[in-house]
Amino acid sequence: MKQYLELMNKVLHEGAQKDDRTGTGTLSIFGHQMRFNLQEGFPLVTTKRCHLRSIIHELLWFLKGDTNVAYLHENNVTIWDEWADENGDLGPVYGKQWRSWATPDGRHIDQLETVLNQLKNDPDSRRIIVSAWNVGELDKMALAPCHAFFQFYVANGKLSCQLYQRSCDVFLGLPFNIASYALLVHMMAQQCDLEPGDFVWTGGDTHLYSNHLEQARLQLTREPRPLPKLVIKRKPESLFDYRFEDFEIEGYDPHPAIKAPVAI
């Protein structure tokens, strides 16, 4: 994960001081890209321990089309609690947009099902895209989508994915985002009888919060360790039938966790 540390170092040394929605303040750069070859290992940050349970359950929650934190709570995941209302609802966030995008004529589009069909039947299409950035529903969302738009690409029997993330919390959020989309690529590839290719991450406002700077400097003193390997133990009937116990990470030997506050 040298690319991740290089990005963190760049933000620390080149970032502009900016105010932000949370009132915390950031060091920020605009426009950055990283590429991860998924054949070389699963891109889970090793210079601090990442909570893999939360990453997997959050992705399964998205895939269910769910927008209430009840499922997450059932699985001891609290990463969305700060934004949920008193009933646990978040409004039409990622799961709703991925699985049930509302059209003006009253229909609902399952973008993931559409993408799966494209990958299987028209893999050379340049329109294999999922968007969570629904302008008409942004004001109903507890948090506007940060990882907003992703595209799949098939070549030489391998499935690659590029994500555009309009806003990126480099210290806390980005390790989750990289691992989550890498996991999704592995799952989609398995369902389409392809091999995982590259995950390409493209960031817009890419920032370190002012109360994460010391933690970032500590992390930069640590030497990256070998990437772990993802094992998917079975091939379910569909993308939407995976369970938490289907996934195993082999050889994950990270440095200790580094705590930092979430900017809300």
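Cβ coordinates are placed from backbone N, Cα and C, and glycine is handled just like the others.
Noted in Swiss-Prot for the protein shown:
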- Arg21, Arg126, Arg127, Arg166, Ser167, Cys168, Asp169, Asn177, His207, Leu208, Tyr209: dUMP binding site (BINDING)
- His51, Asp169, Ala263: (6R)-5,10-methylene-5,6,7,8-tetrahydrofolate binding site (BINDING)
- Cys146: active site, nucleophile (ACT_SITE)
His207 (dUMP binding site) to Ala263 ((6R)-5,10-methylene-5,6,7,8-tetrahydrofolate binding site), Cα to Cα, whole Å, comes out at 12
Ranked by how many other Cβ atoms lie within 10 Å of their Cβ, the binding-site residues Arg21, His51, Arg127, His207 are led by His207
Here the Cα-Cα span from Cys146 (active site, nucleophile) to Arg127 (dUMP binding site), rounded to a whole number of angstrom, reaches 21
Sequence-ordered, the binding-site residues among Arg127, Ser167, Asp169 whose CA is within 10 A of the CA of Ala263 ((6R)-5,10-methylene-5,6,7,8-tetrahydrofolate binding site) come to Asp169
Rounding to whole Å, the Cα atoms of Asp169 (dUMP binding site) and His51 ((6R)-5,10-methylene-5,6,7,8-tetrahydrofolate binding site) are apart by 16
As a whole number of Å, the Cα atom of Tyr209 (dUMP binding site) is distant from the Cα atom of His51 ((6R)-5,10-methylene-5,6,7,8-tetrahydrofolate binding site) by 20
His207 (dUMP binding site), DSSP three-state class -> strand
Around the Cβ of Tyr209 (dUMP binding site), other Cβ atoms found within 10 Å total 23
Between the C-alpha atoms of Ser167 (dUMP binding site) and His51 ((6R)-5,10-methylene-5,6,7,8-tetrahydrofolate binding site), the distance in angstrom, to the nearest integer, is 21
